[in-house]
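First comes the structure, then the notes that go with it.
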Amino acid sequence: MCGIVGAIAQRDVAEILLEGLRRLEYRGYDSAGLAVVDAEGHMTRLRRLGKVQMLAQAAEEHPLHGGTGIAHTRWATHGEPSEVNAHPHVSEHIVVVHNGIIENHEPLREELKARGYTFVSETDTEVIAHLVNWELKQGGTLREAVLRAIPQLRGAYGTVIMDSRHPDTLLAARSGSPLVIGLGMGENFIASDQLALLPVTRRFIFLEEGDIAEITRRSVNIFDKTGAEVKRQDIESNLQYDAGDKGIYRHYMQKEIYEQPNAIKNTLTGRISHGQVDLSELGPNADELLSKVEHIQILACGTSYNSGMVSRYWFESLAGIPCDVEIASEFRYRKSAVRRNSLMITLSQSGETADTLAGLRLSKELGYLGSLAICNVPGSSLVRESDLALMTNAGTEIGVASTKAFTTQLTVLLMLVAKLSRLKGLDASIEHDIVHGLQALPSRIEQMLSQDKRIEALAEDFSDKHHALFLGRGDQYPIALEGALKLKEISYIHAEAYAAGELKHGPLALIDADMPVIVVAPNNELLEKLKSNIEEVRARGGQLYVFAEQDAGFVSSDNMHIIEMPHVEEVIAPIFYTVPLQLLAYHVALIKGTDVDQPRNLAKSVTVE
């Protein structure tokens, strides 16, 4: 959600800002803007409703010169998408961009109006601009004004502030919304995502909760909310510079679907040794903590929640550990009973998901045994604040609809299951089967991807549909959930998923010739039960699309389409059966002409409630 880029240098920074915004487009937005100040203090601001390209065209028509600037892509929360609501916002010489939500913006707005300030937008961000302006009028430096203003804000914010009268400094503050500083030679940068800054630096400092940073061309000083200076470690990024390049693919989502075999290989690299899972990266004390685990609580949102749901079956059936999975936004607002020796596992692609972070922080107060983050972004808030962390190493994922982040999360979770089964002293064949399955997984997915044309042809049947139903049983039920989520996200078809055994309890009423029913049916002990559910749909004239192995015993007919799958090891079947559902959603969206990579109303990383 939303994107921030800032730069302070001797050279003109407008193109750096625009390129940074282009690299953040995947996060979702409805408007874009930037402001640049030259050495004499002349400020130029441009804002446009729509895509970054429209802003870039405006910058060509009205060239911006100056070595200090901030830029933003907005995803509307307070105030409709419009040019007047687009960032940056200005209060005389104070210029502000902001991600997040200021919960007390209304009383602050009234106070500032009483002091003579006029508001021209509907946004909560304009409150920050006027508030900093007011505090600066009370005396002191911009940093001192920001230190006085920030405690007055309630809510989540990542904000960057500049004063056109003093273009040698940027101020930034972070509470609940990520900011990262990029370190250069005689120039420095700031953004909401390190991907925005990879063209200009690979050295980064991640701001921590409550940090306030003062950035000049030659220095970065960081303070806590009391004004005391603090030190933050800088890291070298391992992200690829060309992560934002689609290459031969039409969309990022398509590229990321096809990257899954290599992404999973990267996830496994260095983690399997002598036929066992090796998670020594967790540190020397991890085994002691993990051996005490008697219960697992998983928190996640969206696609990550679905991966947690799959892993619940694994933790309980393979490692013998009770497991609960909860949507993070629900967990954080209810009173919950903590099970004895319960490990909190959080799942997030970005590591900045607001509700998941809040749930992690709450778990520390509630007395969980420990916390483990499974994440795709090293150095993210979730990773820094957890006791243990495992990286998925999927590479940058840009498409809003998650694909490779999901399958690599499942890969890491399955390795963790193997590790816990060994620590619990269970039969060594459990770990052996997991390792064997994971090692085979990349080639199995490559086999599946070779059948893309079959899925593409199948997608034609969905082009005029408004609803779809997905069914699965056991650990394939969450895969049905994920398939439905993918279809609704990018094709805008209303899709729901049910455990197939629930058909008689309501969903069967929906079945008719206009309701496509997608079934994931691998060869396992639930296949015969699933066949009975399929017959219930068939008897009522539903259009069935069944993904099953050749020897599963299904026969195609006018209303039952069998999509034959290659044989796959049972333990990795949930990961494998995800891929055809990703392809189906992608091709249906293509036919319907939707924006595959940036579907309406959605953002890649949800960093506010």
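Heads up, the Cβ atoms here are built off N, Cα and C, so glycines get one too.
Swiss-Prot has this to say about the protein:
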| type | residues | note |
| --- | --- | --- |
| ACT_SITE | Cys2 | active site, nucleophile |
| ACT_SITE | Lys604 | active site, for Fru-6P isomerization activity |
| DOMAIN | 2-218 | domain 'Glutamine amidotransferase type-2' |
| DOMAIN | 286-426 | domain 'SIS 1' |
| DOMAIN | 458-599 | domain 'SIS 2' |
Residues of the domain 'SIS 1' (286-426) by DSSP state, where helix covers H, G and I: 64 helix, 28 strand, 49 coil
Mean of pLDDT values spanning the domain 'SIS 1' (286-426): 95
Within the domain 'SIS 2' (458-599), residues counted as helix, strand or coil by DSSP: 72 helix, 32 strand, 38 coil
